[in-house]
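According to Swiss-Prot, the protein has these features:
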type     : residues  : note
TRANSMEM : 33-53     : transmembrane segment
TRANSMEM : 77-98     : transmembrane segment
BINDING  : H83, H182 : heme b b562 binding site
BINDING  : H97, H196 : heme b b566 binding site
TRANSMEM : 113-133   : transmembrane segment
TRANSMEM : 178-198   : transmembrane segment
BINDING  : H201      : ubiquinone binding site
TRANSMEM : 226-246   : transmembrane segment
TRANSMEM : 288-308   : transmembrane segment
TRANSMEM : 320-340   : transmembrane segment
TRANSMEM : 347-367   : transmembrane segment
Amino acid sequence: MINLRKTHPLLKIINHSFIDLPAPSNISAWWNFGSLLGICLMIQILTGLFLAMHYTSDTMTAFSSVAHICRDVNHGWLIRNLHANGASMFFMCLFLHVGRGIYYGSYLYKETWNIGVILLLTVMATAFVGYVLPWGQMSFWGATVITNLLSAIPYIGQTLVEWVWGGFSVDNATLTRFFALHFILPFIITALAIVHLLFLHETGSNNPSGINPDSDKIPFHPYYTIKDALGLMFLLLVLLLLALFSPDLLGDPDNFSPANPLNTPPHIKPEWYFLFAYAILRSIPNKLGGVLALLASILILLIIPLLHTANQRSMMFRPISQTLFWILTANLITLTWIGGQPVEQPFIIIGQLASMLYFLLILVLMPLAGLLENYMLKPEW
């Protein structure tokens, strides 16, 4: 009998992507995050769909509809908590996935990497518009502050802001369009993720050593399906612990108050996963400069392949680069902490130093470390 999964037009694609795919024999748990991100996306789309069935995108009823979901809809509280904390898990996996790419030199697959950066930006946009939907205080003021950044664009800035708002302030038109965007973007993310995978399968996966693994490949199933399943168990464990025991741990208490344009919260800040970028934005005492630094903090990922100076792909055997990588990680954690603090000393100067170090590490120190390691590997050294 002819094996259906190898001949059927649709099953053949699935087979080549997830079953008979040749994979390096030595990829570690750091390679789990791609599949975990796929699972996160599916969880978010499903929980989001059920939330959308009960949510109303109107300024008068949005806040009440979220309360109604949590109080009156069967398991509505669970669906909402899974969706809100699922976003945090999504970003946790995203940051680890990008970090893995930087550490092991996966960015040298340029198409895969660039699509990945576009994916990151799209997920960030989705999370931002989604945070506005409950129409709490932080939703409203977060939307006001972040959309206002567009006004820093010379000449067309103010027109652009009013175009995004659909009026002269964040109001009903803004909420309605943000809901529409929040509904459509995850499907665009799904399409981009498929393209991401398509480009990855053109080259095959990288591996911790950074050496071409073609001479030693194993089938994806059962070896990596079982490994991914273990990662999934951990993901679900953490997500359920968060959603069931401390669902509001990562949220802002201000969002329990309905949006009020006449009352500004004392500290306007985004969700934890945007705090590092928010800290960089605030560290420059100029509107346009801050916006450019904010954009640069993410878009810098696009030029990382151009800054690769080392003869070795991975950092596995490069201790100087490793040290700088972990300094960068600590620096990002510091920026995340600063982003959640009020704008006063000593937080201002710490934020400015951390922002400077962030760009210095990526643009100068890490490429120099690569060159130094090349020199140290020469036999005459």
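The backbone N, Cα and C atoms fix where each Cβ goes, glycine too.
Long-range contacts of the transmembrane segment (178-198) within the same chain, counting only residues at least 6 positions beyond its ends with a Cβ under 8 Å from a Cβ of the stretch, are 17, 37-38, 41, 44-45, 48, 52, 55, 57, 112, 115-116, 118-119, 122-123, 125-126, 129-130, 132-133, 143.
Summary: among the binding-site residues (H83, H182, H196, H201), the fewest other C-beta atoms within 10 A of the C-beta are counted at H201. A C-beta separation below 8 Å, combined with a sequence spacing of at least six in one chain, links H97 (heme b b566 binding site) to F33, G34, L37, G116.
Through the fold, the transmembrane segment (320-340) approaches residues 99, 102-103, 269-270, 272, 274-280, 282, 310, 347, 350-351, 354-355, 357-358, 361-362, 365-366, 369-370, 372-373 of its own chain, all at least 6 residues removed from its boundaries and within a Cβ separation under 8 Å. Using a Cβ-Cβ cut-off under 8 Å and counting only residues 6 or more beyond its ends in the same chain, the transmembrane segment (113-133) has close neighbours at 55, 57, 62, 66, 87, 90-91, 94, 97-98, 101, 106-107, 139-140, 142-143, 146, 174-175, 178-179, 181-182, 185-186, 188-189, 192-193, 195-196, 199, 270-271, 273-274, 298-299, 301-302, 304-305. On a Cα basis, H182 (heme b b562 binding site) lies 29 Å away from the residue listed as 'ubiquinone binding site'. Taking only the Cα positions, the spacing between H182 (heme b b562 binding site) and H196 (heme b b566 binding site) is 21 angstrom. The secondary structure of H201 (ubiquinone binding site), as reduced to three states from DSSP, is helical.
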